[in-house]
């Protein structure tokens with residue numbers, strides 16, 4: 001294996017290891033996001049996209065080269081040479097095997113490189129979604145708590161209004177009874193006043209009759225006095 005394909009193979013092994021680490025179930029997305037927030041990644045961020053696309057271009061070139069080699073050693077010309085010289089059979093198949101191996105190495109390296117970037121992006125998105133869902137859950141819990149508090153306040157207010165309505169109804173009943181008693185008392189007072197007026201009128205008539213009787217008696221008395229005075233003068 002040449003130096004470049006040895007480097008691609010080690011790169012493939014490193015990709016496999018990194019993807020397996022990223023897929024470990026007991027490491028949460030929020031922890032990975034905290035790891036991706038380290039200062040070293042912030043420092044490498046300006047170079048990350050350039051490195052990513054450079055590796056893609058290199059792997060594509062190597063993949064195309066491996067495809068060319070596979071087509072070269074699986075074509076009709078090498079098979080024709082094998083037929084002419086049977087000693088070349090093992091050599092051609094060895095080169096075809098190497099070309100196919102290089103094709104698989106470069107293809108899987110390119111595939112895992114894209115998968116790793118997508119996995120990191122999805123882990124960040126999942127972490128952001130988890131944080132947002134935690135915030136939304138906290139807001140929902142506070143909203144539910146506030147709604148429950150409002151419901152309890154409304155129940156207490158309804159109970160207070162009901163109690164006050166009962167108290168007002170009792171007060172109105174008492175006031176109604178008091179008004180009925182006052183109406184009876186007013187009626188009784190009116191009857192007593194009318195009776196008093198009748199008694200006063202009777203007393204007035206009686207006093208008038210007494211005054212007339214007194215005047216009559218006084219007139220008779222005066223007449224008797226005048227008669228007695230005249231008799232004395234005649235004597």
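Glycine too: its Cβ is placed from the backbone N, Cα and C atoms.
In TrEMBL, annotation is done automatically, which means it is predicted and not curated.
Under the heading domain 'BAP29/BAP31 transmembrane', TrEMBL lists 1-132.
Marked as transmembrane segment by TrEMBL: 7-27 (among others).
Packing against the transmembrane segment (47-64) from elsewhere in the chain are residues 4-5, 8, 102-103, 106-107, 109-110, 113-114, 117: each is 6 or more residues past its ends and has a CB under 8 Å from a CB in it. According to TrEMBL, the transmembrane segment annotation covers 47-64 (among others).
The domain 'Bap31/Bap29 cytoplasmic coiled-coil' feature in TrEMBL is assigned to 180-234.
Residues or ranges marked as coiled coil by TrEMBL: 193-227.
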Average pLDDT across the domain 'Bap31/Bap29 cytoplasmic coiled-coil' (180-234), rounded to a whole number: 79
The domain 'Bap31/Bap29 cytoplasmic coiled-coil' (180-234) - residue tally per DSSP class, helix then strand then coil: 55 helix, 0 strand, 0 coil
